[in-house]
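Step one of this worksheet: look at the structure below.
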């Protein structure tokens, strides 16, 4: 009798994706982040669902409903902080996952890569709207500043912003619709993640050496299931350390002040995972230019496959490209730091230089260095 997992229509899909899937024998821990992102997404949906049971999306009661969750709901505090810090873990895994893709040339699977970029935008949109929901000072002013950026769009800008707001300022209508979108988007993200996997399994996984691994495959289970479980345990350990020891480490204290349209906080800044993009936005004096740079800072990933000039897929055997890659990482850390600083000298100049360097590395230096490396191979 044939095994039911290989014949049953539903079990067959799971079997071909997670059990009998032929995987390269040499993929490293950098390939763990896909499964970790899946775990993060499930965790966020579950904690979010329980938070939504107690949250009210009304300007008069939103802040106090979050307080009520933390004070009065059984284990409400841990659910709330797991959700808030779970978002941070989600983005850490996302950045490492994208970084892995850049380093090892995983962008050479264009469908998987492009769905990944759409996923990144969707998760960023979800996180932004989630940050508005507690209706603290940073929630309100963050929503005001970021939605206001759309007014830079010529001709339709102002009408578009008022349409998104549902009025002439960020108010009750804005909060209600943001809650609705924040609730539905993670399910759209789940569907996109399934498509992401579908395209990945069409080609099979990349591996650190960057050469085809068809001649040397091993079954996903038990080898990579156990490896993923180890990664998951480490993820949960770090998350729970954050939640139980310093839950507000990555948050902004201003968000414990209820939203007040009449009082602007001294420094309006988004959550840490948006700071690099925020720094790029601020480093351009022109409003429309800043918005375009902000969008392009993520969208630039879409043209990376077109700029691949190297004869090798990954950077494993390309020391010059490796140096450039780690310079890019340092540059992104610099941008993240600048995004959290006030707009004054010397931070403005550092931000502008870091922004120029970011685009220069991705668009000019990487392809150029790859050509130089190709020529070095001939020596």
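Don't overthink the numbers, they just go from 1 along the chain as shown.
Cβ coordinates come from backbone N, Cα and C, glycine included.
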Looking at 113-133, 134-154, which stretch does Swiss-Prot describe as transmembrane segment?
113-133
Identify the transmembrane segment range according to Swiss-Prot, selecting from 257-277, 320-340.
320-340
Integer Cα-Cα distance in angstrom, residue 196 (heme b b566 binding site) to residue 182 (heme b b562 binding site):
21
Determine which residues of the chain contact the transmembrane segment (320-340) at the Cβ level, with the cut-off under 8 Å and only residues 6 or more beyond its ends counted.
99, 102-103, 269-270, 272, 274-280, 282-283, 310, 347, 350-351, 354-355, 357-358, 361-362, 365-366, 369-370, 372-373
Between the C-alpha atoms of residue 201 (ubiquinone binding site) and residue 83 (heme b b562 binding site), the distance in angstrom, to the nearest integer, is 30
Look over the recorded stretches 178-198, 226-246, 288-308, 347-367 and say which has the most C-beta pairs under 8 A to the transmembrane segment (113-133).
178-198
Can you grab the distance from residue 182 (heme b b562 binding site) over to residue 97 (heme b b566 binding site)? Cα atoms, rounded to a whole Å.
23
May I ask you to report the DSSP-based helix, strand or coil state of residue 201 (ubiquinone binding site)?
helix
Give the number of CB atoms, excluding that of residue 83 (heme b b562 binding site) itself, located within 10 Å of its CB.
21
